[in-house]
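J.: According to Swiss-Prot, the active site, proton acceptor annotation covers 177. The NAD(+) binding site annotation in Swiss-Prot covers 7, 8, 9, 10, 11, 12, 13, 34, 94, 117, 118, 119, 227. Residues annotated as substrate binding site in Swiss-Prot, with sequence analysis given as evidence: 81, 87, 119, 153.
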């Protein structure tokens, strides 16, 4: 398996690359690209870790050499949030970066599974889809917005609040990947019950967890280490699916059946073509249904912004 990380010199990219070097299947190839000249050095640094994963680093304007033959591409390139910024402030810079990188993916590895980490994910995934459509290589089963960070945060916070074994907690998080569009389905968690106040507070904490990190880092960055872990979990799940492993399920922001919006985060079964099946997320509580109804206009507007950017 060949995995390419685009944006590999950044905070998320380096954390993700370190985790993948340690956790990819033996015999895999890890291809690192960033515009920054330090990137080949990041690859050399990682190459000293004794695992059977070969690492190569590429820098400069053109990511194509890093992409040829890639099975999975994870894109974390772009600028990070700073205090006072929301994810939409990132759009002006990151939209162009994602567009350019996905154009190169379309040319160099059109069959690869592409996971978009770069925020605002609600919009950057729509940009990626439009770029792939223009190139004539769009396959909705092969494009993902990586929302796993919302899932691992939900699992962590719920386990802490309820004194549960975090390894056993599973939380589906649906909708999108910013603010009110993040909807953790707390009503469905096995072995945990919440009061109405707890649901409201926990939902808000999960939605605002990114801001919690940005503020705690006091201008020194955003969530890089936890995002690296989340992206690694999702990337490894993509690979398990490609290798034919059964019952690999994750939540991700994908083009599903369009019931709510063109793109929607929901549980999916992964397989040899990426998304094998979009799974039903089950029955919503009254609180969750109200939150869903309240977020859809925001989500649809985020998606439309991406579509119009490429047009």
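Cβ coordinates are placed from backbone N, Cα and C, and glycine is handled just like the others.
So where do these features actually land, and what's packed around them?
T.: Residue 177 (active site, proton acceptor) falls outside any helix or strand according to DSSP and counts as coil.
Packing around residue 9 (NAD(+) binding site) is summarised by its Cβ count: 24 other Cβ atoms lie within 10 angstroms of its Cβ, all protein chains included.
In the three-state DSSP assignment, the secondary structure recorded for residue 119 (substrate binding site) is coil.
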J.: When the Cα-Cα distance from residue 94 (NAD(+) binding site) is computed for each of the recorded positions 81, 119, 153, 177, which gives the smallest value?
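T.: Closest by Cα distance to residue 94 (NAD(+) binding site) among the recorded positions 81, 119, 153, 177: 119.
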J.: Return the single residue from the binding-site residues list (7, 11, 13) that has the minimum number of other CB atoms within 10 Å.
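T.: It is 11 that, of the binding-site residues 7, 11, 13, has the fewest other Cβ atoms within 10 Å.
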J.: Can you tell me the CA-to-CA distance separating residue 119 (substrate binding site) and residue 227 (NAD(+) binding site), as a whole number of Å?
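T.: A Cα-Cα distance of 12 Å.
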J.: I need the least crowded one of these recorded positions (81, 153, 177), counting other C-beta atoms within 10 angstroms of each C-beta.
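T.: 81, out of the recorded positions 81, 153, 177, has the fewest neighbouring Cβ atoms within 10 Å.
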